[in-house]
């Protein structure tokens, strides 16, 4: 279920909120329901524990995490011929690899597991000795611990009931909308709620429960930033640049070409993303190094505490009984170091020998260098994530695109090499960071680290099969997937491919003034981030996020309006009854996201079975409608 939801989010806007709360809540509900039923039949008398809830949560999150880190909406799909046709160059066979179920599953199995072994030997240092926060992991642990109290269990039942109610509403609303989508630009998703001129500039409310729910989960500043980005791009910049047609770029070029208006949309958004990513990479790296040095200095011996069985660092303060108990359990059920080191070496050796069979352009020494560097980057990302809750996996992936793409060169398949190397690096760094978040959850819920590691391995294996299968279903069911302006435009696929082209070929093919605007927005992203960090919190909380602003630059503002509506619903709800909004807001949002996401599954099956909707609901201007009536002889 979560794979389908994440895949839909990947292929529509690329915004994927944390679904850990939903996974924990549904895991609790389904297993409590199952154990209650089995208990009534007299087969079971053991209670459902928080440790079991943690293991289920770990498995589910690692399984659907592959749907995101697997690059189905970014680097993996960016290799395809369909995306290559929309790019400026590198359309030769040497730089294209179309999706196929077999090689996608094989590729994910080769690159997804290695991250699990990279940081296992350091789990004690990061969780017990350095006491890193890992805010998402900590929040998930408190959620699970809360479920397993009498009051928490009652609240969880109410939350699940609320989730189920909005799930059914969202699912049947998606079903109802389907009846009116019999042709191009038909249905509620194309309702010109703000007028036809605004609709032509992609400003409209598209009646999507998914992004109303996403707006209720995302922080207010994210939703406002996305809306501001949409207004700046589609409301101001693109109409002004479109007037330069024939001056800045050839009048004969179609707007959807990357030699025309589309180039400004794609490359200015890339500049914002890279500026924001570079700034946060340097900031988190500095904080990581500073925090690491201060932790080492606190150690009386001035040495890293690498023992897994011995005592932890000499503590400056006495441990509470709870912390002593957690530490005892966390250190008791260990993953042997030999398994971690041996697993990393074995999986790396298999990958180095096998990946060039999938991508002949990706030489074995590229992969060897990636695997030598990856543990260091994985540590930086996991440590930074522990301090800030900010995973920079996609930033490391983009770095790999430029480094390995430029190393290979365009004539040697550099675009494909860059995208494949991005997948290798992003999978390792992302999986290692997620594992540490899960270890923090397990530490706080007294779950066995060994059981969690095994659960993560099982979940990752499931994700390596389920993720490609779900993507393949979308790919086969919707023929226009990946095309701008369609239901599933996969915006980051073209962005990642053009990053790879930039890495191997430079900026020579960009239209006039595009590069200048890219420099301006790159600098603006850094300046905005500096302003956010240097101003007091009462001011900085109103300064927008450049990364969020960049998202609608390419695909339009329709989902920004949905998300903004979701945030406004939550804002009003909190003003009316904050306690109820805090308790049930995530459940309502999860229900809206899950119901609409799951409707995609029967919708794709209907499309594969060639079952067409019966009605086309389309909106026309008065003059166009008069022409249609005249043509049909109705007037």
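Every residue gets a Cβ built from N, Cα and C, even glycine.
A TrEMBL annotation is a machine prediction, not a hand-curated record.
Ranges compared are 79-100, 101-122, and TrEMBL records transmembrane segment for 101-122. When the ranges 195-216, 261-282, 283-304, 305-326 are checked against TrEMBL, the one recorded as transmembrane segment is 261-282. If one looks beyond the transmembrane segment (399-432) by at least 6 residues along the same chain, the residues whose Cβ comes under 8 Å of a Cβ in the stretch are 62, 65, 68-71, 75-76, 78-79, 90, 94-97, 107-108, 111-116, 118-119, 351, 355, 359-363, 366-367, 370-371, 374, 377-379, 381-382, 391-393, 460, 496-497, 499-505. Within its own chain, the transmembrane segment (551-573) is flanked in space by residues 12-15, 201-206, 208, 210-216, 218, 220, 222-224, 226-227, 229-231, 233-235, 265-266, 268-269, 272, 484, 489, 491, 494-495, 580-581, 585, 589, which lie at least six positions past its ends and keep a Cβ under 8 Å from the stretch.
Contact count against the transmembrane segment (55-77) (Cβ pairs under 8 Å) is highest for 452-475, out of 101-122, 220-241, 261-282, 452-475, 514-531. When Cβ distances are compared across the two stretches, the transmembrane segment (261-282) makes contact with the transmembrane segment (220-241), since 3 or more pairs at least 6 residues apart fall below 8 angstroms. Among residues of the same chain six or more beyond the transmembrane segment (220-241), those with a C-beta under 8 A of the stretch's C-beta atoms are 15, 201-203, 248, 261, 264-265, 268, 541-542, 544-546, 548-553, 556-557, 559-561, 563-564, 566-567, 571.
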